[in-house]
Each structure stands twice: as C-alpha cells, then as structure tokens.
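**Student:** Pasting the relevant annotations from Swiss-Prot:
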DOMAIN    1-99  domain 'Plastocyanin-like'
BINDING   37, 84, 87, 92  Cu cation binding site
C-alpha cells in the first residue's frame, strides 16, 4: 500500500490517514508535496513488545523531495499510531491496523 505524505491540495496530512494492512505487507510512505516529512510511530500507541525505534524513521531524518520514500513492514497484529514529527502539531497523524 502507498501512503502519500502531504495531500495534493498542499495539506499537511497522510493520505489516507487510517488504513489496514495484512501482517508483513509492505507500507510505502511517499513524499507527495516536497515539504520535509517523516514517519515516526508513537511508542505508547503500538502493540506491546514492538520496538518503535525499529519501525520509525529517526526524528532527525526527513524525506525532503517529492517521490522520496520510506518503507516498513509491520508483522505484529494490532493498531499503530504514527506522526510526522515536524508537522504533528498541525495534525499530521495517522493510524494503521495490522490484521
């Protein structure tokens, strides 16, 4: 599944921002708009036992250019909340459910 970082209208959002994947399915987060974005999973909002550091980008790392991607595969079933650290305050957050 491909998730866009930034809406076509310039909004600071994940598109879609709520989605479901199968365990082990590849999730591709793709910079859509050229603003610097990243993908960080909230350590308090993921299944217990999952290491957020192993599935998140470093808070200092950013996808700067349109078309740059970050890929992750989640295997533990449950719900995972994530955000873009530069734009979390603007509401750039999302949730994925792994079945």
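Note that Cβ sites are derived from N, Cα and C of the backbone, with glycine treated the same way.
Neighbours and distances for these, please.
**Tutor:** Residues of the domain 'Plastocyanin-like' (1-99) grouped by DSSP class, helix first, strand second and coil last, total 10 helix, 37 strand, 52 coil.
Counting every protein chain shown, 19 other Cβ atoms lie within 10 Å of the Cβ of residue 87 (Cu cation binding site).
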**Student:** In the same chain, which residues outside the set 37, 84, 87, 92 have their CB within 8 A of the centroid of the CB atoms that define the Cu cation site?
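**Tutor:** So the additional residues around the site are 5, 6, 12, 13, 14, 35, 38, 83, 85, 86, 88, 90.
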**Student:** Taking the binding-site residues one at a time (84, 92), which has its Cβ surrounded by the most other Cβ atoms within 10 Å?
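**Tutor:** Checking each of 84, 92, the winner is 84.
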